[in-house]
Amino acid sequence: MSYAYLFKYIIIGDTGVGKSCLLLQFTDKRFQPVHDLTIGVEFGARMITIDGKQIKLQIWDTAGQESFRSITRSYYRGAAGALLVYDITRRDTFNHLTTWLEDARQHSNSNMVIMLIGNKSDLEARREVKKEEGEAFAREHGLIFMETSAKTAANVEEAFINTAKEIYQKIQDGVFDINNEANGIKIGPQHSPASQSLNVGGSGGNQGGNCC
């Protein structure tokens, strides 16, 4: 299917926070509870609609292990958006956010949109990180913030699409150089001058790989 723009995303965060599960829920609308760890980088894609235009999201799901960190860094450079994920039931994954964020900002373009995601919101009884803490971290570092559940699909659509809306708005504002694909944006065959309103919807797609 043709598209007006292609946006490249990267999903980052510690092992086991649900990065692959979020991607699978967004692209395939299903939850896979039993899964293997992501080895290196896996890939997914889906078409959405913003302002009446087809936008293709090309999403790279990265391994959280330190041994794969150098591979992950190479994918920052071509990304327009990043989903930085922690697990609300594991305090250590929240404590590691600063390291992930520093890594992302060091190796990406300065205009990359970063969405902070507190995943596993369905496990409220096991929560170790308050929602207010996630909100405060996002405010301090200039990030967008949402809590999600890859299991129930709560806010999963919104997380991916709101990130795309921010990227789209930056294009409208002239922040992104859309002729430089190093910014993680590619002009598609459907491209025409864009208007200012943002009406968002989505349609399904497919992705291979397992959940971590």
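Note: Cβ is positioned from N, Cα and C throughout, glycine not excepted.
The GTP binding site annotation in Swiss-Prot covers 13-21, 61-65, 119-122, 149-151 and is backed by similarity to another entry. Residues or ranges marked as motif 'Effector region' in Swiss-Prot (evidence: similarity to another entry): 35-43. Residues annotated as region 'Disordered' in Swiss-Prot: 188-212. Among the features that Swiss-Prot reports, compositional bias 'Gly residues' is placed at 201-212. Sequence annotations record features per position, and here Swiss-Prot assigns S-geranylgeranyl cysteine to C211, C212.
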Number of other Cβ atoms within 10 Å of the Cβ of K19 (GTP binding site) across all protein chains:
29
Fewest other Cβ within 10 angstroms of its own Cβ, chosen from the binding-site residues G13, G16:
G16
Once the chains shown are all counted, how many other Cβ atoms turn up within 10 Å of the Cβ of D61 (GTP binding site)?
27
For the motif 'Effector region' (35-43), would you mind checking the mean pLDDT of the predicted model?
59
Validating a neighbour-count step here. Other CB atoms within 10 A of the CB of S149 (GTP binding site): how many?
22
